[in-house]
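**Student:** Here it is, the structure, as C-alpha cells.
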C-alpha cells in the first residue's frame with residue numbers, strides 16, 4: 001500500500017533540459033497525486049518524452065527538482081527508478097520474447113531455493129499477481145505467443161510486482177481492441193484503488209475524459225497548465241496544446257476524383273485466413289478509405305497489392321495493364337508505395353539520419369555511371385523531403401529517432417514520394433500523432449490527391465475516414481462488405497457493414 005502522508009507521490013518542478021541549439025524543456029512541472037490518473041498531453045515534440053527521460057535518468061536534467069515520496073531523487077537508470085517504485089509501460093514493449101511470461105516478470109531477481117531458481121515460487125507469485133489484476137495468461141508460455149494487449153498486461157503486472165507507486169503509461173491503447181481497452185481501464189482503476197498514481201499519455205481525447213482525474217499540458221517544451229479534468233472540454237484542451245483555437249480538425253476538401261487508374265478484381269491472398277475475393281476501383285485524385293474492426297484484414301489488402309503478401313487469385317490493373325507485383329521492389333517500379341502501420345519497427349531506421357531515411361526506398365536513382373552515389377542529388381532530394389513535407393529538424397544529419405512522431409511520418413511519406421508513385425497506400429498514417437501534426441498530414445494527403453495520385457488510407461479512427469476520404473470500403477472478416485460514399489454515409493452504417501460477415 002502506498003504511503004499516504006504525502007499530497008503528491010511525485011513532484012517534478014522547474015525541470016529544464018537543453019540540447020545543442022534546442023531548449024527541449026523550459027521549467028516544466030508535473031505533480032502526481034496518490035489514487036489518481038494524471039493525463040500528460042502535448043503535441044509531438046512538446047517535451048513529454050524528454051521530461052520522462054529526465055525522470056528515468058536517461059537524460060541528465062540541467063535544472064529543477066524531482067521529489068518522490070518526499071525525498072529528493074536523481075535516478076541514474078530506469079532499473080533504479082523501477083526498484084524505487086516508478087515504472088513505465090512503453091508504447092514499444094520491451095520483453096524477451098523467447099523466455100516465458102514469468103521469466104520476464106522476475107528477470108534479474110529470481111526467487112531462489114539454495115543455489116537454484118525456485119520455479120514453483122515464481123509460478124505461484126506470478127499467478128497471485130495475475131489473479132489480483134484479473135489477467136488470464138499462463139505464466140509458463142513464451143512471450144512470443146502473446147498478443148500485443150497481453151504483452152501490455154504483462155508490463156503492468158511487472159510494475160505491480162515491484163510494488164510501483166507511480167506507473168507511467170505511454171500510448172497504452174494504440175494497438176488494442178475496444179474490449180482490451182476496457183480491460184486495461186479496469187486494471188488502471190485497480191492500481192488507483194491501491195493508492196498508485198498513474199501518468200497517462202495519449203492523444204485519444206475520449207480516453208482522457210473517460211479515465212483521468214487531472215491533466216498537465218506541455219507546449220514547445222514549456223508547462224502550460226495543470227487542472228482537474230472536470231469542467232474542461234476537448235476544444236479547450238486542444239487550444240491549450242496548440243496555442244491557438246483549432247477551428248477545423250480537417251482541411252477543406254478540394255480534390256476532384258477523375259478517371260479510374262487502379263482496378264483490383266477478385267483479389268485473394270494465398271495464406272488464409274486473410275482477404276478473399278476483394279474487388280474495387282480507385283480514381284486519379286481520389287482518397288479511398290478502408291474501415292473495419294480489428295482483425296478484419298484491412299492491412300492484408302495493401303500488403304497483397306504491394307507484393308509482400310502472396311496472392312492465390314485475382315488481378316491488379318494500373319491504367320488497364322496487369323501488375324504482377326511479386327515483391328515490394330517490383331511494386332515500387334510499377335508505381336506503388338506503402339507507408340506501413342508500425343512506423344517504428346518497419347518504417348524508420350531510428351539510429352540513422354534523415355538523409356538515409358529519406359532516400360532508402362530509391363537508392364538506385366543516386367548511382368553514378370561508376371557505381372558511386374551522387375552526393376549532390378542525395379542532398380537536394382533530402383532537402384526536398386524536408387521542405388515539401390514541412391519536416392521540423394535541425395539538419396540532414398539528425399537521427400530520425402530523435403524527431404517527433406509527426407515529423408518521422410512526414411519523412412516516411414516524403415521517402416515514398418521520391419519514388420514517384422501513382423498509388424500511395426497509407427496504413428494508420430496518424431497513429432500516435434498529435435492533433436496539430438495530424439492536420440498537417442491531412443493537408444499533405446489532400447495536396448497529393450490534387451496532383452492526381454490515387455490514395456488508399458486504412459484507419460481505425462472513424463472521424464478521420466469521414467473527414468478526408470471520398471469513398472470508404474468497409475472490411476468484414478477478410479471480405480469487402482460494401483463501398484460507401486463518404487458524404488452520404490454515417491458511422492452507424494459503417495459499423496453495420498463491418499459486422500456483416502462476423
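In case you wondered, yes, glycine gets a Cβ from its N, Cα and C as well.
According to Swiss-Prot:
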- 10-245: domain 'ABC transporter 1' (DOMAIN)
- 42, 43, 44, 45, 46, 47, 48, 49: ATP binding site (BINDING)
- 255-502: domain 'ABC transporter 2' (DOMAIN)
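Help me see these features in their spatial surroundings.
**Tutor:** Each residue in the domain 'ABC transporter 1' (10-245) has a pLDDT score, and their mean in this model is 89.
The number of other CB atoms found within 10 A of the CB of residue 45 (ATP binding site), across every protein chain shown, is 23.
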**Student:** Count the Cβ atoms, other than its own, that fall within 10 Å of the Cβ of residue 47 (ATP binding site), considering every protein chain shown.
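**Tutor:** Neighbour count, Cβ to Cβ under the 10 Å cut-off: 24.
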